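Below is one structure, written out as structure tokens; comments come after it.
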Amino acid sequence: LQILGNVSEFQRVVNVLQEGVDFDIDVNASVFETNIRVVGGLLSAHLLSKKAGVEVEVGWPCSGPLLRMAEEAARKLLPAFQTPTGMPYGTVNLLHGVNPGETPVTCTAGIGTFIVEFATLSHLTGDPVFEDVARKALKALWKNRSDIGLVGNHIDVITAKWVAQDAGIGAGVDSYFEYLVKGAILLQDKELMSMFLEYNKAIKNYTKFDDWYLWVQMYKGTVSMPVFQSLEAYWPGLQSLIGDVDNAMRTFLNYYTVWKQFGGLPEFYNIPQGYTVDKREGYPLRPELIESAMYLYRATRDPTLLELGRDAVESIEKISRVDCGFATIKDLRDHRLDNRMESFFLAETVKYLYLLFDPDNFIHNDGSVFDVVITPYGECVLNAGGYVFNTEAHPIDPAALHCCRKRKEEQWEVEDLLREFYSLKKNKKFTLKRASDHGEEESAKDASSGKGGERRNSKKSSHSLLSCPSQSFNSKLAVLGQVFLDNT
């Protein structure tokens, strides 16, 4: 409210959002930034709206004006993914799609930072297209990693040729690794986590030196830039999410020494020289080190992490506060200010500081309390904790992804088994295709004959009864072929 000026101005912004936002405008937009800020922000606001006291519509969280806006914004980004590789262009026109002269060169982070928002959108709306394109982009990067297991900084999304071959954990790459881990946690996806762990081995083997991470040539592993970037300070927090707390703390303490040296993190820091890099001396109040402090404090309760938080608050207040907000520090050597304040300062830096010092915040919920809501698909548990932050610090409730399942997967497993059983009795081969989200109302007759709506092959459509297929606990096959459900 202090930034906006007054309550009436804040209410005006809320009213504009409630009336809807027109995305049919002739504007070129960053696919990456629009996703993490607009789509991610709308999804998070949608999922938190009831807790914030907003009167939600019937069917929430599977419907709502903010969810519809998030879906509309994401659909404007889909043309960017229409490439031979599935890797998206970096920029898209919201009205016309990808411009004919658009460069095909995109940074790695701009390709691999969609799974959190797009998978959430797919699960809430029932439309798999968003998660599908995000997964395809992730797998394309994985497929094109070097022989030593590293990815570069920029790639041609048409030819899959690496244009910038510097490999590291910082700018241009950072959130790709972040989303492999967070996507794995959000979706309980072993494949995404195994991809990250393989990358993690290569990163340790080729880029890690004395708990610092340098930039190396992606094919040879030779050092190309012995620098630390402030954007890399997210890494200890990411390490803590996979349980590698000891390594995380050692790296964090290295980064903290740089903070204490300057009262902030310079954009580039020359590790051998122990000083800033020319023309990279600024500090735009980035959140990454504070983000790592919050994650690590939740894991360790080490008071050193609170000391960093205190130092950050005091430094920001003393150095960057001005009458109308908090200014970017243009040069950490003399603390000169720039005439700007980045949006991530409010979205991330202040938020992570607040959460670091608020151990009882609902975001830190350990599952001991929760809410039960009624959706069109049954009861749903929400607000039980385990929130996953997107890379712009918008929290996503992972429980919400289980609230709006339009594909009745367990029902189809049972019907698959029933049909296979009876087909075996008749000595006929039978393969059932599972209906798409939009074709569930088709009859069993249509399903078996292949008529009706759009269909996708079921991965579990041809189980042999002799192979003891693994099934969920609420769907069991008796030895005589009868199917029992826990709720019947």
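Glycine is treated like the rest: Cβ placed from N, Cα and C.
Just so you know, TrEMBL annotations never went through curation; they're auto-generated.
Here the structure is a predicted model, which means the values were calculated and not measured.
Annotated features, as they stand in TrEMBL:
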ACT_SITE  Glu33  active site, proton donor
ACT_SITE  Asp174  active site
ACT_SITE  Glu267  active site, proton donor
ACT_SITE  Glu288  active site
BINDING   Thr391  Ca(2+) binding site
COMPBIAS  435-445  compositional bias 'Basic and acidic residues'
REGION    435-469  region 'Disordered'
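By the criterion of other Cβ atoms within 10 Å of the residue's own Cβ, the least surrounded of the active-site residues Glu33, Glu267, Glu288 is Glu33. Of all the recorded positions listed here (Glu33, Asp174, Glu288, Thr391), Glu288 has the Cα closest to the Cα of Glu267 (active site, proton donor).
The two recorded residues, Asp174 (active site) and Glu288 (active site), have Cα atoms 11 Å apart. Cβ neighbours of Thr391 (Ca(2+) binding site) (same chain, under 8 Å, six or more residues apart in sequence): Ile36, Gly40, Thr113, Val116, Ser175, Glu178, Tyr179. Cα of Glu33 (active site, proton donor) to Cα of Glu288 (active site): a span of 17 Å.
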